[in-house]
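Below is one structure, written out as structure tokens, with a few remarks after it.
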């Protein structure tokens, strides 16, 4: 059948092997500690740290409180990641939130998550990052004027096509690209940090005098400031999407998180301090691209290095987003929640190429439509809705099923704090400034019901889809895979 029901043993109720049949294909365990740290840090450090600081400052009203928001966002990302690490050692399957919601709450909520994530959220996020890459990559060719939209969209589309080829060819090639670009972007951030420390040593501290003057107190403004900051930290949960591809996941998962997230948080705080040392708050607020303004002020004729660094950074980040986003599509299909073809892997490359091609196609559609003005708020609202559901699942397991084997435990207060933050981030903007876009998002999420009941619940499978699946299998050279219970 095209959308199949997998007879899998629930890992929450039995420790037996997850695979029913002995199928030949499975994804390789090729992601080690360094690649794991690179996947997290490389996806987190994207366009956000080069674009978001002015918006956090705008919503908070002053430098000191905006730095507090950046620190709080890092702490929240760390708490969320530690909670996910425990989930990852209980449920040792790829798929992140999807697989955790499926195993804890059942089929319907998991399908709604997969539907929202695969069709809209992940492709939209990927498209937005690729458009950021395109903007910085072609900016040097149009000095003194804004780049034409056609050129930006064509470059973004080319970026997605290149990422598709890299990720479909080889997992090791994709992780190598991630490692190289992560090293490049860390180097760029270190240049900004060192430049800021030099400025501070010279006594340029005027931005930090009376730092808390004029702080914004509204719950909605603080919530939106968190959205902007958390957009820069997004990616803290990416390693949970590829658990089955990790070497020794019970060790690698928590260790990679504990290295990557504090590293990124410290860098973000130092980079913000550097921006504020080079610019006054009003200069920072009027800057279209903070990092480029910083480069013009501090590096002079070498300012082009910053534009190049931002382009490299966003390309590396979009590679990480693509790498993990394709896995959600692949895992959901393997569980019978997406067309069967998406659960297959290439017979020689051993990559989930149909799922990656589907994610690529959806992202290209997003680029053509090109409406990304509210992408951050849209993405954050949907993401934290499902983060909250996932964390509540962990709390359920900690209270109701403490006997489940787990190699890592997080103190219960940490997921409680994350759940409270998730509830606040979902409700605060709705209560403070209700917007029609939020209603559209909710309607889209629940439109998944239309597909769930006929296709998944009652297993209605049109005959033509089976023929299409067979033709696609032959064309793409793919075959069904088995799960790895680790």
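Placed from the backbone N, Cα and C atoms, the Cβ positions cover glycine too.
A TrEMBL annotation is a machine prediction, not a hand-curated record.
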From 154-174, 217-237, 322-342, which range did TrEMBL mark with transmembrane segment? 154-174
Which one of 354-372, 468-486 shows up in TrEMBL as transmembrane segment? 354-372
Quick one: find which recorded stretch in 97-118, 154-174, 180-201, 354-372 has the most Cβ pairs under 8 Å with the transmembrane segment (437-456). 97-118
In the same chain, who gets a Cβ under 8 Å from the transmembrane segment (31-52) while lying at least 6 residues past its ends? 77, 81, 129, 132-133, 171, 175, 178-179, 181-182, 185-186, 189, 228-229, 231-236, 238-239, 242, 245-247, 252-253, 255-257, 259-261, 263-264, 267-268, 271, 289-291, 310, 313-314, 316-321, 323-324
Mind pulling out the one from 64-85, 97-118, 154-174, 256-278, 354-372 with the most Cβ pairs under 8 angstroms to the transmembrane segment (409-431)? 64-85
Cβ pairs under 8 Å only, please: of the recorded stretches 64-85, 97-118, 154-174, 354-372, which one is richest in them relative to the transmembrane segment (378-397)? 97-118
By Cβ distance under 8 Å, which residues at least 6 away from the ends of the transmembrane segment (97-118) in the same chain are close to it? 10-12, 87, 91, 237, 240, 325, 328-329, 331-332, 335, 337-338, 358-359, 362, 382, 386-387, 389-390, 393-394, 396-397, 444-446, 448-449, 451-452, 456-457
Mind checking which residues reach the transmembrane segment (64-85)? Cβ under 8 Å, same chain, six or more beyond either end. 40, 44, 53, 56-57, 96, 208, 211-212, 215-216, 222, 225-226, 229-230, 232-233, 236-237, 240, 253-254, 257-258, 261-262, 264-265, 268-269, 272-273, 387, 390-391, 394, 408, 410, 414-415, 417-418, 421
Tertiary contacts of the transmembrane segment (256-278) (same chain, 6+ residues out, Cβ under 8 Å): 33, 36-37, 39-41, 44-45, 49, 53, 63, 66-67, 70-71, 74-75, 77-78, 81-82, 84-85, 186, 189-190, 192-193, 195-197, 199-200, 204-205, 207-208, 232-233, 236, 239, 284, 290-291, 294, 297-298
